[in-house]
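What follows is a set of notes on a single structure, which appears directly below.
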Number of protein chains: 2
Amino acid sequence: GTERQRLVDNSGEWYFESQHAVSGEELLSAKFESLDYDTCENSLWAAEDQSRTVWDLRRIELCRWLVHLLIGVVTGAIAFFIDVCIEQLAKVKYRYMKSMLDRCIFHDCLIYALLFCLTVFGEPVAAGSGIPQIKCFLNGIQVPRVVRLRTLVCKVLGVLFSVVGGLAVGKEGPMIHSGSVVGAGLSQGRAASFKFDLGIFEYFRTDAEKRDFVSGGAAAGVAAAFGAPVGGVLFALEEGASFWNQGLTWRIFFSSMTSSFTLAFLLGFYRGIPNDLSNPGLISFGKFDKLDYDLLHLAIFACMGVVGGLSGALFNTLNEHLTKFRHRYVTSKLGQLTEAVLVASITAVTSFVLIYTVRSCQPLGSDQMEYPVQMYCPDGKFSSMAALLFQTPEAAVRSLLHDPVGTYSVTGLIAFCLPYLLIATWTYGVMVPSGLFIPSLLIGAAWGRGVGIGLNLLFPTHFTDPGKFALIGAAAQLGGIVRMTISLSVILIEATGNVLFGLPIMVVLMVAKWVGDYFGTGIYDMHIELASVPLLPWEPPSRSAAVSAQAVMSSPVTCLYRQERVSRIVEVMQQYGNSKLWVRACIVDGCRSPVV
Amino acid sequence: GTERQRLVDNSGEWYFESQHAVSGEELLSAKFESLDYDTCENSLWAAEDQSRTVWDLRRIELCRWLVHLLIGVVTGAIAFFIDVCIEQLAKVKYRYMKSMLDRCIFHDCLIYALLFCLTVFGEPVAAGSGIPQIKCFLNGIQVPRVVRLRTLVCKVLGVLFSVVGGLAVGKEGPMIHSGSVVGAGLSQGRAASFKFDLGIFEYFRTDAEKRDFVSGGAAAGVAAAFGAPVGGVLFALEEGASFWNQGLTWRIFFSSMTSSFTLAFLLGFYRGIPNDLSNPGLISFGKFDKLDYDLLHLAIFACMGVVGGLSGALFNTLNEHLTKFRHRYVTSKLGQLTEAVLVASITAVTSFVLIYTVRSCQPLGSDQMEYPVQMYCPDGKFSSMAALLFQTPEAAVRSLLHDPVGTYSVTGLIAFCLPYLLIATWTYGVMVPSGLFIPSLLIGAAWGRGVGIGLNLLFPTHFTDPGKFALIGAAAQLGGIVRMTISLSVILIEATGNVLFGLPIMVVLMVAKWVGDYFGTGIYDMHIELASVPLLPWEPPSRSAAVSAQAVMSSPVTCLYRQERVSRIVEVMQQYGNSKLWVRACIVDGCRSPVV
């Protein structure tokens with residue numbers, strides 16, 4: 001009996017156990033292969049290893065650094081490209097809207113909707129934020145085509161149009177995915193999508209090396225998206241942390257820093273202030289003059305963390321049901337296209353209704369508003385609701401954080417929050433490249449500012465700065481949805497640019513995670529589960545130590561010998577290849593493939 | 001032949017190989033045991049694991065969080081205690097000095113020298129910064145008595161007197177060690193030094209659990225020392241990163257945050273501003289109004305990084321030779337005491353000579369100076385050199401970063417730098433608790449400010465703020481000495497309180513590390529090597545894959561059977577216990593101890 005559990009036997013045979021799913025339900029999808037992150041130490045490898053001179057090793061090390069430098073530069077340049085394009089397209093859109101007034105909303109969105117739907121036909125894996133896929137890749141799951149050049153192109157073009165089209169999406173998540181593709185592509189020196197091969201860096205063409213560069217790329221993506229190089233490194237570690245290595249961390253950090261620097265440098269150049277390197281991210285929360293807090297504030301922030309956790313759990317639950325529905329009924333390309341167009345239209349209609357219903361007219365003159373929209377307001381005034389909805393979402397977040405007291409009313413903010421939450425829930429998972437960070441921040445900043453205004457109404461002498469509460473609300477909402485911990489804290493601290501406000505941000509993220517985790521996992525883990533990806537959790541389930549492999553293995557065990565005819569291997573593969581759950585372990589010459 | 005390498009054999013025997021040192025040189029010390037961080041999964045363990053209910057598991061998890069909370073609170077409180085004591089003692093010292101003028105210097109230092117030498121007799125392991133020891137502990141080396149309560153007491157009292165006594169030491173490194181002891185002590189619910197046992201948390205009495213709490217404590221220590229909760233977590237990960245686990249990171253973060261918060265809260269209370277939580281560390285670099293930089297600055301900073309790397313390598317080389325000398329000749333307690341007194345006296349004499357030689361008299365009125373010392377200056381003026389030498393080193397660093405242009409002269413700074421570097425080199429390793437961070441920062445800030453002043457003299461319209469260069473110099477010098485990377489960047493960014501200046505800090509640290517690494521390892525690794533600790537490096541040496549275990553094993557191999565008489569085990573242990581190098585591997589019931 002107990003002998004069955006032993007995977008190593010005396011004669012050095014190569015066990016090969018297969019298993020049909022234990023339950024009727026399909027638990028894990030068979031379409032994912034596992035990547036092999038262990039060096040396969042056979043005699044061929046040893047011979048090659050021995051043939052390398054010290055100079056070869058130095059050259060390889062130098063190439064590694066060089067590739068990490070390139071990853072940073074290219075990722076930064078892509079971020080710059082996205083940023084500038086969106087800025088220019090937004091300008092065009094604004095001019096167009098100004099001249100066409102309300103009629104445009106439909107036009108505008110529909111045009112963009114048609115454009116961004118290239119994703120559906122281009123490369124389905126480019127949809128969404130890409131973060132769950134990258135997380136899987138970094139943890140040893142081969143997600144088909146996730147780091148292909150074609151995916152990158154679809155992602156970048158798609159995100160341009162979905163952001164400018166006014167969908168409830170951000171460009172930050174896709175930036176992380178883009179960086180990862182850059183990392184994979186540059187390190188391999190070839191692009192499978194377009195069938196060219198530079199024939200360089202052949203040494204790096206192993207799964208483990210590729211993973212290292214992909215994590216560098218992901219970090220560079222975060223660094224460019226949020227101007228958070230340290231946050232980028234932590235993101236790569238927290239999400240892809242089935243490995244950890246000081247040397248690698250150091251190189252990832254280098255990519256991350258380069259990317260942030262490249263973006264800041266290019267943006268400075270573009271804006272005519274070439275020496276200004278102080279704004280190194282796609283999103284910046286703007287400059288806060290005074291972010292003081294005391295114990296009372298901290299207590300209120302903690303309560304806001306609870307709200308964020310609850311609201312995040314609501315978001316995730318709604319999204320889970322939607323995703324399940326979508327998996328079942330929206331499977332054809334036409335269906336997916338229709339859904340994308342539908343989301344775009346509903347977004348436009350809702351915006352329109354909101355602006356018409358909530359007449360939040362403000363006198364012009366607030367210089368932070370880049371595109372004041374008059375819409376249904378008397379001359380000399382602009383609609384703050386329209387500003388919230390038609391600026392780029394990043395600018396809207398900044399408005400909520402910094403606009404003077406009185407720009408927004410509590411009712412206006414509530415009226416904005418709820419529909420936007422529903423739309424954002426719906427949008428995440430539609431077949432367009434869409435980041436989740438910015439919509440979450442926007443929802444949170446809106447209700448956070450509402451809390452701040454409310455407190456100020458109750459205690460007129462205290463709580464004079466609603467922007468502070470908007471920032472905390474944003475952190476709470478985002479934390480409640482994604483449930484990242486230390487990396488998110490650092491990302492938000494770096495984006496805020498104020499270390500002293502770090503403690504409240506951490507407290508809020510911690511509370512939001514605790515509360516949210518009570519109801520379920522974070523949205524990325526949820527999507528990984530929904531995709532039936534066989535991702536192993538951090539720790540084995542408690543008290544599983546006594547469960548023997550026998551309990552999940554089929555009987556009789558199928559064995560392959562160390563020397564085996566190809567026909568027999570093919571036969572075994574054909575017989576068990578479609579089984580829903582594989583448990584295999586191969587030991588040959590010290591090479592141990594992970595259990596899938 | 002190749003069969004000899006196999007550690008597992010068919011009959012399940014328990015191999016036990018021992019090895020006398022290959023070379024004549026003693027490579028590794030036999031006095032260090034290894035900690036066992038793997039769960040020993042035998043049948044007893046499995047039975048206990050099975051007996052636990054879900055509620056037991058929840059209770060344990062709750063206790064874990066509780067202990068991490070306590071670690072944070074206690075570490076923060078200890079930091080508060082140290083800070084307040086040093087402040088009060090410094091006040092006493094200043095009054096005394098003011099009345100006794102120069103005569104005092106000797107008195108003062110000698111009195112304190114006698115006091116801090118309690119370390120020598122109290123607990124030798126409390127000497128130094130404790131960081132190498134904690135690094136060893138976190139990576140699986142049992143350093144005797146390193147996390148004992150007695151060590152903590154000696155450390156805290158010793159650091160008080162060594163800092164106030166005017167030695168070239170800081171209180172930050174010892175704070176990290178103190179935090180680690182708190183982590184170990186609280187989690188075990190007993191103190192071996194004082195023979196009491198609360199009988200609680202018995203579940204946590206394994207090496208692996210203890211390590212987790214110690215890393216929490218180390219993080220809490222960093223958080224309290226530098227007001228850098230994120231830096232603390234990264235420090236624990238970077239230095240003790242042979243493990244990495246999302247759940248653990250999350251708890252470490254909690255300790256770290258609590259500690260920072262506790263310290264800020266207590267300090268706020270003590271200073272009569274109970275709601276001010278904005279200054280959460282022992283050291284703060286003060287508030288910078290404007291830290292802008294451009295590409296030219298960045299290039300200059302990179303050059304300063306080179307200087308820091310070189311000067312750090314010089315520091316480390318000098319310290320290495322001193323340490324070797326000390327290992328050989330200063331071995332008795334009396335010798336160590338004499339050396340400590342000698343260092344204190346030389347420090348005092350040097351200060352005295354410096355102040356007398358460099359008459360840098362400045363008009364009174366600079367309100368940043370807490371204790372202006374008139375010393376050899378005309379009435380109404382104070383000596384800026386004396387201020388540099390007789391303030392607490394933290395205050396001296398702040399002076400260099402923030403004092404108005406003209407307070408220090410280039411010659412004065414150079415005259416300060418070189419002797420101070422030599423004294424700091426000598427002091428690190430003397431038998432007193434001594435942090436390295438502050439002296440390094442002070443040296444770097446001094447030459448950095450010198451560079452800033454020099455540049456301003458050459459280009460009067462540019463480079464008007466020497467404080468910026470002082471900050472970069474401080475980072476370069478510290479980076480050149482300790483060679484920490486990402487954690488140090490974050491610590492410095494958090495201490496500066498300005499995220500936007502993060503990029504220059506990272507660039508400088510990176511350059512300093514590259515340059516420094518060319519000449520040797522960082523000071524902590526150097527001390528670990530000098531202590532002959534068998535710490536395994538991150539990666540095996542390149543091309544070592546083809547070297548078989550046979551090459552380092554003795555012949556014939558000594559075997560122990562699975563069932564063995566005690567007398568035989570004792571016999572084997574006695575025969576091979578003193579061997580200089582052990583290579584052992586035991587496999588019993590799935591429990592695999594690490595190869596030492």
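Glycine too: its Cβ is placed from the backbone N, Cα and C atoms.
For A:65-84, A:105-127, A:147-169, A:213-236, A:248-270, A:291-315, A:335-358, A:408-430, A:436-459, A:471-493, A:499-516, the entry in TrEMBL reads transmembrane segment.
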With CB pairs under 8 Å as the measure, which of the listed stretches A:65-84, A:335-358, A:499-516 comes out on top against the transmembrane segment (A:471-493)?
A:499-516
Any chance the transmembrane segment (A:436-459) and the transmembrane segment (A:147-169) have 3 or more Cβ pairs under 8 A, given the pairs are 6 or more apart in sequence?
yes
Can you tell me which recorded stretch out of A:147-169, A:248-270, A:291-315, A:335-358 has the most Cβ pairs within less than 8 Å of the transmembrane segment (A:65-84)?
A:248-270
Can you work out whether the transmembrane segment (A:291-315) touches the transmembrane segment (A:213-236), with the criterion being 3+ CB pairs under 8 Å where the paired residues are 6 or more apart along the chain?
no
Could you tell me whether the transmembrane segment (A:147-169) and the transmembrane segment (A:408-430) are in contact, taking contact to mean 3+ Cβ pairs under 8 Å with a sequence separation of 6 or more?
yes
